[in-house]
């Protein structure tokens, strides 16, 4: 039990920060306050990400439809999330720095399965699940080399851009955000903004910093579209009810 508590303390208070801040009350330490804030933010983002897409999943399930949600956008977002989680896991970064990517990937898998199933593509959903399982095994067993994961993470930046632009474009053409969940999109936007700070503080890895910065800007645009097309989405919903 004491080992578990020690691991938790070390996760939140790197180095000698526990002693500096909570024993010596050295709140003006040059690095510890920022380091602990970053770790705390990281854990908060990771915990929040467990439910990030639950509103979206429930909305699709209730409507029995994924209308307005770009399958290509979700697939590319999944590649980006898996790339970040796999690269960070194999690089040995603390879980609080990438755990959200893992949980986001799991939820994106569910959303993509919903898109396939509600469009009658059952066999496609089975094949998709098989591919995801094989990739997960390859990462954990180290069958996939680190060079490949680095390449995927590097490619993740344009992948994120294309993924978000596809959804932005679909919203623009429809003048509506369809079945997109406002709560999920807002949490994505806030989470990627916070991740820019935690990536700078915890890893200093430019691949992650640029990736999260790009995602934050594009998530902000999608969030703004809810307010731009609010009246269109409301009128479309009323027509469907009538």
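The count begins at 1 with the first shown residue.
Keep in mind that glycine also has a Cβ here, set from the backbone N, Cα and C atoms.
What Swiss-Prot annotates here:
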type	residues	note
DOMAIN	37-95	domain 'PQ-loop 1'
TRANSMEM	40-60	transmembrane segment
TRANSMEM	68-88	transmembrane segment
TRANSMEM	98-118	transmembrane segment
TRANSMEM	120-140	transmembrane segment
TRANSMEM	148-168	transmembrane segment
DOMAIN	152-202	domain 'PQ-loop 2'
TRANSMEM	180-200	transmembrane segment
TRANSMEM	207-227	transmembrane segment
When counting Cβ pairs under 8 Å to the transmembrane segment (40-60), the leader among 68-88, 98-118, 148-168, 180-200, 207-227: 98-118
Mean predicted confidence [pLDDT] for the domain 'PQ-loop 1' (37-95): 86
Intrachain residues whose Cβ lies under 8 Å of the transmembrane segment (68-88), provided they are six or more past its termini: 60, 97-98, 101-102, 104-105, 108-109, 111-112, 115-116, 132, 135, 139, 144, 149-150, 152-153, 155-156, 159-160, 162-164, 166-167, 170-171, 174, 176-180, 203, 207-208, 211, 215
Three-state composition of the domain 'PQ-loop 2' (152-202), taking helix and strand from DSSP: 44 helix, 0 strand, 7 coil
